[in-house]
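Listed in TrEMBL for this protein:
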{"type": "SIGNAL", "residues": "1-24", "note": "signal peptide"}
{"type": "DOMAIN", "residues": "38-160", "note": "domain 'FZ'"}
{"type": "DISULFID", "residues": "Cys122-Cys146", "note": "disulfide bond"}
{"type": "DOMAIN", "residues": "186-502", "note": "domain 'Peptidase M14'"}
{"type": "ACT_SITE", "residues": "Glu472", "note": "active site, proton donor/acceptor"}
{"type": "REGION", "residues": "591-629", "note": "region 'Disordered'"}
Amino acid sequence: MPPPPPLLLLTVLVFAAARPGCEFERNPAGECHRPPAADSVTCVDLQLRTCSDAAYNHTTFPTLLQHRSWEVVEASSEYILLSVLHQLLEGQCNPDLRLLGCAVLAPRCEGGRVRRPCRHICEGLREACQPAFDAIDMAWPYFLDCHRYFTSEDEGCYDPLEKLRGGLEADEALPSGLPPTFIRFSHHSYAQMVRVLRRTASRCAHVARTYSIGRSFDGRELLVIEFSSRPGQHELMEPEVKLIGNIHGNEVAGREMLIYLAQYLCSEYLLGNPRIQRLLNTTRIHLLPSMNPDGYEVAAAEGAGYNGWTSGRQNAQNLDLNRNFPDLTSEYYRLAETRGARSDHIPIPQHYWWGKVAPETKAIMKWTQTIPFVLSASLHGGDLVVSYPFDFSKHPQEEKMFSPTPDEKMFKLLSRAYADVHPMMMDRSENRCGGNFLKRGSIINGADWYSFTGGMSDFNYLHTNCFEITVELGCVKFPPEEALYTLWQHNKESLLNFVETVHRGIKGVVMDKFGKPIKNARILVKGIRHDITTAPDGDYWRLLPPGTHIVIAQAPGYTRVIKKVILPARMKRAGRVDFILQPLGVGPRNSLHGLQRTGPHDPLGGASSLGEATEPDPLRARRQPSADGSKPWWWSYFTSLSTHRPRWLLKY
């Protein structure tokens with residue numbers, strides 16, 4: 001084809017210049033968003049309050065969304081969404097999504113150039129956070145489109161979440177001349193705690209790893225360090241134990257004890273300590289030093305000796321995390337009076353999800369559904385005693401009332417395992433801290449001390465297989481640094497002795513006649529109205545005190561098997577008791593009443609690995625458009641604050 005005439009070519013060029021196309025992005029209104037040229041950008045100070053914790057300090061105008069002033073940005077629906085996103089999503093994906101949005105609304109400016117955020121960061125967050133948007137019937141925000149406003153690493157992108165990890169990846173060198181086994185008995189900031197845990201896991205990589213179970217409301221990782229002969233894997237008949245500290249942010253002794261315990265386990269394992277090697281080779285141990293890192297920051301700002309009795313106790317939402325779990329104890333008392341009704345593995349009531357549930361609480365509940373924990377302890381401060389369930393009185397009006405579980409004998413044994421080797425708990429002076437519990441052996445039934453509902457220990461016992469006690473480590477909630485070494489010496493043996501009690505009772509595998517494991521089979525003990533269930537591999541652990549027990553295994557579609565078990569008083573290793581279940585005869589399979597408790601959706605993220613109950617999702621009803629075409633519940637909020645109706649948030 002011959003070239004076009006010069007006059008025609010000039011006309012085309014003039015027309016293109018007068019009415020340019022959109023080489024870049026269009027917003028939902030069809031407007032073209034042309035980013036500023038890389039060589040003509042003026043950097044200005046970042047002045048958005050919602051983005052004040054971004055990883056950079058300078059931005060530019062116009063933004064990637066063509067906002068040309070701070071006033072325009074702050075009045076935009078996009079900015080309003082970022083400012084309330086953590087509340088809409090109830091703390092999920094916070095502050096990750098907010099910082100991701102800031103990278104678009106206030107793009108990073110360096111040396112007169114705009115830097116775009118990394119596409120792979122956006123894609124990872126979208127995969128993780130899309131369910132949270134679905135839960136409130138909201139579309140994924142257009143300005144978080146990973147292909148329109150983000151770029152690849154090859155094109156020089158940056159990580160908008162780098163500040164969340166800032167200072168956490170770098171190692172912290174020990175003072176010169178100190179061995180790697182050295183433990184610094186001091187208070188640890190959040191960054192220091194994370195560094196110590198990661199450094200410890202790196203030193204003992206063959207038996208340790210760190211992982212996160214979620215984030216706090218303010219976005220801090222809830223970091224766990226795990227010790228096992230095969231980190232990251234559940235091994236057949238290897239019991240799982242968790243220790244949790246700092247559920248109340250101003251009760252810091254437990255946080256430090258678990259940081260020290262992690263270093264001790266690693267060092268002693270490497271040094272060949274036979275007790276520690278045996279423990280780590282036969283037990284999977286999970287340490288969560290800080291369940292409430294946000295509250296700790298409030299308490300630490302005041303410091304040891306100045307911290308008030310309640311400053312920092314709650315999380316960033318002003319919620320007491322040890323009152324935030326579902327009240328299953330009231331339901332237990334109701335079921336216990338009904339003949340034949342199961343009173344274990346009680347589902348979470350639907351109405352619970354309509355209240356304010358902290359992200360830290362959700363993380364713990366999901367954790368307990370993911371791993372078949374057998375034993376747990378929550379470390380507190382404010383007194384010197386070990387308490388055990390139930391924490392809520394059988395008669396709600398009674399502030400103090402002995403309210404035992406069916407496993408009262410076992411809980412007392414577990415509590416004594418901690419208290420009996422603690423030198424201060426066994427001190428005979430009644431004038432000491434915790435002296436008023438001396439006649440009880442420094443252990444007490446929780447409700448007999450004081451009754452409260454929504455506690456973590458009751459939840460563990462009634463919703464899962466896990467037995468949890470509460471340990472009060474001392475009368476000073478935020479002890480001075482010089483007291484930490486003594487606290488460690490008082491609690492080291494107690495912590496080890498308690499973890500070792502997970503090997504009391506019986507363990508085994510439930511299988512069919514072909515050797516196939518049967519998950520979610522029930523293990524019943526005559527005289528103890530509390531069943532436990534088998535894990536996906538068919539293995540189980542049943543904590544039991546010494547004595548003679550009649551143990552029954554049963555599952556839907558199989559005949560039950562009954563065995564007599566004798567546990568000697570001095571037996572400290574779990575007895576092996578396997579069960580082989582025979583299938584029922586031809587015809588419809590009989591079901592065990594109450595075994596399968598399922599709902600349409602689990603707010604904690606799906607069915608648990610234990611096959612435990614899934615709960616109805618209170619937000620599920622919001623997910624589909626109503627028959628009359630009305631807007632979602634959050635729509636009126638946005639339309640009342642902005643003249644721009646953000647229809648891009650609507651899914652239908």
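Glycine is treated like the rest: Cβ placed from N, Cα and C.
Residues of the domain 'FZ' (38-160) grouped by DSSP class, helix first, strand second and coil last, total 54 helix, 14 strand, 55 coil. Counting only residues at least six positions away in the same chain, the Cβ atoms of Arg119, Cys122, Glu123, Arg126 sit under 8 Å from the Cβ of Cys146 (disulfide bond). On its own chain, Glu472 (active site, proton donor/acceptor) has His380, Gly381, Gly382, Asp383, Leu384, Val385, Val386, Ser387, Gly434 as residues at least 6 apart in sequence with a Cβ closer than 8 Å to its own Cβ.
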